[in-house]
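Database features, via TrEMBL:
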- 1-23: signal peptide (SIGNAL)
- 30-60: region 'Disordered' (REGION)
- 100-257: domain 'Histidine kinase/HSP90-like ATPase' (DOMAIN)
- GLU107, ASN111, ASP155, MET160, ASN168, 174-176, 195-200, THR247, ARG460: ATP binding site (BINDING)
- 291-333: region 'Disordered' (REGION)
- 295-325: compositional bias 'Acidic residues' (COMPBIAS)
- 488-508: region 'Disordered' (REGION)
- 774-810: region 'Disordered' (REGION)
- 779-791: compositional bias 'Acidic residues' (COMPBIAS)
- 799-810: compositional bias 'Acidic residues' (COMPBIAS)
Amino acid sequence: MRKWTIPFVLFLLCLIFLVPDQGRKIHANAEADSDAPVDPPKVEEKFGAVPNGLSTDSDVAKREAESMSRKTLRANAEKFEFQAEVSRLMDILINSLYSNKDIFLRELISNASDALDKIRFLALTDKEVLGEGDNTKLEIQIKLDKEKKILSIRDRGVGMTKEDLRKNLGTIAKSGTSAFVEKMQTSGDLNLIGQFGVGFYSVYLVADYVEVISKHNDDKQYVWESKADGAFAISEDTWNEPLGRGTEIRLHLRDEAGEYAEEYKLKELVKKYSEFINFPINLWASKEVEKEVPADEDESIDEEETSESTSSEEEGEEEEDAEKTEDEKKPKTKKLKETTYEWELLNDVKAIWLRNPKEVTDEEYTKFYHSLAKDFSDDKPMAWSHFNAEGDVEFKAVLFIPPKAPHDLYESYYNTKKSNLKLYVRRVFISDEFNELLPKYLNFLMGLVDSDTLPLNVSREMLQQHNSLKTIKKKLIRKALDMIRKLAEEDPDESNDKKDVEESSDDNEKKGQYAKFWNEFGKSIKLGIIEDATNRNRLAKLLRFETTKSDGKLTSLDQYISRMKSSQKDIFYITGASKEQLEKSPFLERLNKKDYEVIFFTDPVDEYLMQYLMDYEDKKFQNVSKEGLKLKDSKTKELKESFKGLTKWWKNTLASDNVEDVKISSRLADTPCVVVTSKYGWSAYMEKIMHSQTLSDASKQAYMRGKRVLEINPRHPIIKELRERVVNDPEDENVKLTAKLIYQTALMESGFELSDPKDFASHIYSNVKSSLNISPDATVEEEEEEAEEPETETKAEDSVTEDSEVKDEL
């Protein structure tokens, strides 16, 4: 038995070695019968000698050209069926999913960036995975073939094995559920923001045949290909140039997607969506250069003759001979424009938000702002805020206050959907249409948010409802308001303490910055107080206005309160069309005499603002043109009793004018009377604003119109005399007419519109007649009637004149 053991073992070993070899021969014969070439591609030793990184011989180039031109699956490839959800997804994608086809390039570049991130991470522990030569260059390359309409995107990332190709491109990665597809089919907004398994299929928006060539360090180079017809094929790549490592995606563009075969379009898309990708994105771009080439003899002779004929006759013959001798020594050349190709870097702007804010200079922030806002002026942003947020939702953000407000910032305030805040995820631009990131009143801010934790394999509609966005929004609002507050605090003009010290250059630069901000964006702060109840107190601190004591400068509520009298309980303000009109208002007479400070609100939005800003720091707001103003007067009770008869009579006289009451006023000093409204009704200025609305309905506004009260000045001689006249004869029509005229005058002076201007004018004219001693019965002199000549005679005379003129000409 032992004698046969050793020969038997040797026999088994021979069989083991012979069977695989026989299998290889059978496999080789099978390949020989197919159309694919048997010889493997030949690679030159000069690694990285050409821009593509590898040189190929003519046979490989021929096979590669045939591969790129084909739109049919390879005969010897292993064929698979797509996962059921993928087939349905691709149908949705191609027919109805993306409203913006540009999205495909963003997805492919994002995938390439992920692959490069993976190989860079692996290289931290094993440097050998990077390989040598061009494989160590972590970059993304985009190349065009306009004639064949092929767009190629290549990366030197981790690459994919055969199994990776089958799993990653044959199923919906990590989100491949029927429920997900059902959601996409029924959702209203189907702009997906994808990761590799979902986003890759966006290629079929622009291509009808796609090849994915990939090489992983642990496997051979394979080709994945599909025509989006429910099947895909994978085969070992013996056609194309060896990649070394990484992935190349070739899109055979549809006829209607020809614009994506243009360099300018690709540059535009990269700038928009992938400008801040960590890795270089290079485009094989054409460029025209001037090149000097030797001129032909006939051309050189012509040039000599031309130069001789154009030479000046004043120059001497010797100088001409010397010039000719020098020209003969120089070789004749000419300039021709030649088209060359070279790699052009498309993302040269650095993602500064990923750096430590302390390491970024002001110049870098300014350059980044100009790139982000597409602002080509030299103006610097007023301020910026660069911060990292940590917690349940981690994100990085940079916010800028632009130097100027857009001309249409408030014209389409409630209609516009565009936001100036861009959302990035892992440095890939997602959208600038997420209005949920910032409230509308802060839409003037420029900036971006970059989050690594947002769930991006859902629809935009679902993402807008995600709790993460609500958290981001809260933090962004707080940081934005802190940035604006800091801008005010650093402005020397805003400081209450005026010290005689030398101002630094930094102080000079910041001087007047908040006043500039307020002039540009102050209305946004007011709109914020109206719309954002949560941050109302923070926004109120940012309010600025002029007052009766500010000498034309802007004042804050905190500064106003610091100057209030000890006995003053309310913050006084008045609204109107302009500061000049308000300074002459009769409502300010007594307040000015008592040295109270009054705020001027002259913007139409201020009327809406004060309906929401009821108090500040436990101080109530009081409109001095409305009821409720209380100023101490020791003789108020005596005056009320003394003028009780006049006020009662006057109220009855003005019953038809909708006057609720006539009272003794504590706010007047030099004016006979004013008309005030109820505390919660519209002011005179608000009534004008509402009447000027294009679609206003007067009948529906009646209930908001404040009840009018006539307040009289008991110390004024006109009011005193009127009281005496009423005591003597309360039924005197002239006295009633005078009382009504005084009311109408006060109504206009208080800012209201007259309901019957004609009646007021007739009363004025009657008083003018009386002052000029003209009889009230005097009438207007009638115009004398002129005798009219018969029309027929005039026409006859005209015809005779015309006939005579014609005869004279003949």
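A Cβ is built for glycine as well, from the same backbone N, Cα and C atoms used for every other residue.
There are 22 other CB atoms within 10 A of the CB of GLY199 (ATP binding site), with all protein chains counted. Cβ-based neighbour count (10 Å, all protein chains) for ASP155 (ATP binding site) stands at 28. If you draw a 10 Å sphere around the CB of GLU107 (ATP binding site), it holds 24 other CB atoms from the protein chains shown.
Taking all protein chains in view, 19 other C-beta atoms sit within 10 angstroms of the C-beta of ASN168 (ATP binding site). Within the same chain, residues at least six positions away from THR247 (ATP binding site) with a Cβ under 8 Å of its Cβ are ALA112, ALA115, ARG154, ASP155, GLY157, GLY159, MET160, VAL212, ILE213, SER214, LYS215.
On the 0 to 100 pLDDT scale, the domain 'Histidine kinase/HSP90-like ATPase' (100-257) averages 80 in this prediction.
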